[in-house]
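Have a look at the structure below, then the notes.
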Amino acid sequence: MSRLRWLTAGESHGPALVATLEGLPAGVPITTEMVADHLARRRLGYGRGARMKFERDEVTFLGGVRHGLTMGSPVAVMVGNTEWPKWEQVMAADPVDPEVLAGLARNAPLTRPRPGHADLAGMQKYGFDEARPILERASARETAARVALGAVARSYLKETAGVEIVSHVVELASAKAPHGVYPTPADVERLDADPVRCLDADASKAMVAEIDQAHKDGDTLGGVVEVLAYGVPVGLGSHVHWDRKLDARLAGALMGIQAIKGVEIGDGFELARVPGSRAHDEIVGTPDGIRRVSGRSGGTEGGLTTGELLRVRAAMKPIATVPRALKTVDVATGEAAQAHHQRSDVSAVPAAGIVAEAMVALVLADAVAEKFGGDSVTETRRNVRSYLDNLDIR
């Protein structure tokens, strides 16, 4: 059963995003600066659109934190939208004079749904005659709220169990980084300084070249990010039920990120292409205890963490707002048309890695809280240490 609960609210061009996280113990260190640092990382990446140049994330804690520490009550955080004054009437919660709205270009009905977005299916489901009410919430801007909560979860994981999380881009379009080269937490600063957050210099150059070409072609690109969690204790999750398996929870969380269309744990789909003798991680005795000689499983077996490096990948499709504009139908007229286009990224794969880090952090934080409990960080930390010290099989 989940110990933590989280929820976000807000629209892309609304006054703010808000998020709540319930179930954390007292004593987790967190400040607005810590959250702002991760939100700034979310704006990184070569190929981002103009919005990243002027978008600023104003972080305010509304509850659950006092003097830099959680209090054991629900944590509420707000990420303000500095562009709100431009949208105050278009996105107002209260009714606005129709004559005022009619004179606003930003309020023009969006009746040409974009292929690859939630536009058309959302309009059909909720009965809207234009896409604005759908795209405002479906926008990847919402991930800023999840990154904010992820910052809190990361602090909890590090303080209680010593878990640290890092991500990198392993594929962007046809450019690929060498397989099996895994960054550590010590590489984060170097990764964030790279234009595409890739550890391999040659692969990074190839990825930048792919983005440049796509920009010239009026196109967009997807890719694959890999998230690694170091220090994850053995035994998180469960083999008992499908919804308690940790890899299932990780996959669901990552698939919930906008534009993610595939997830694999460890070597994932590659394991389907090799015989069993080459697919599994053999177990050996070492001076440090019983270990696995490889990491093909990605640190989970049977829905449980193994104590080895946790490794997951997420595949992001190309951004659906394509500059060259794809074919669609204008729902107001029924005529063939080109899809609505606004400023967009050529690629947001590097940023997807930061969002994926946050989601992995939230899932692992939930699993740690579920396994070890505790009303304070001190109590949880003590429970973790006691568990690890008293494992019957090491």
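Even glycines carry a Cβ here, placed using N, Cα and C.
The C-beta environment of Arg48 (NADP(+) binding site), restricted to residues of the same chain at least 6 apart in sequence and closer than 8 Å, consists of Asp345, Val346, Ser347, Ala348, Ala351. Here Swiss-Prot flags Arg42, Arg48 as NADP(+) binding site.
In three-state terms derived from DSSP, Arg137 (FMN binding site) belongs to a helical segment. Residues or ranges marked as FMN binding site by Swiss-Prot: Arg137, Ala138, Ser139, Gln258, Ala259, Gly302, Lys317, Pro318, Ile319, Ala320, Thr321, Arg343.
In sequence order, Glu11, Ser12 constitute the residues six or more apart from Arg137 (FMN binding site) in its chain with CB-CB distances below 8 Å.
Here the Cβ of Ile319 (FMN binding site) has 24 other Cβ atoms within 10 Å, regardless of which shown protein chain they belong to. Taking every protein chain shown into account, Ser139, Thr321 are the binding-site residues, and of these the Cβ with the most other Cβ atoms within 10 Å belongs to Thr321.
Across the structure, Ala259 (FMN binding site) and Arg42 (NADP(+) binding site) place their CA atoms 15 angstrom apart. In this structure, the binding-site residues under consideration are Arg42, Lys317, and the one with the smallest number of other Cβ atoms within 10 Å of its Cβ is Lys317. A Cα-Cα distance of 19 Å separates Thr321 (FMN binding site) from Arg42 (NADP(+) binding site).
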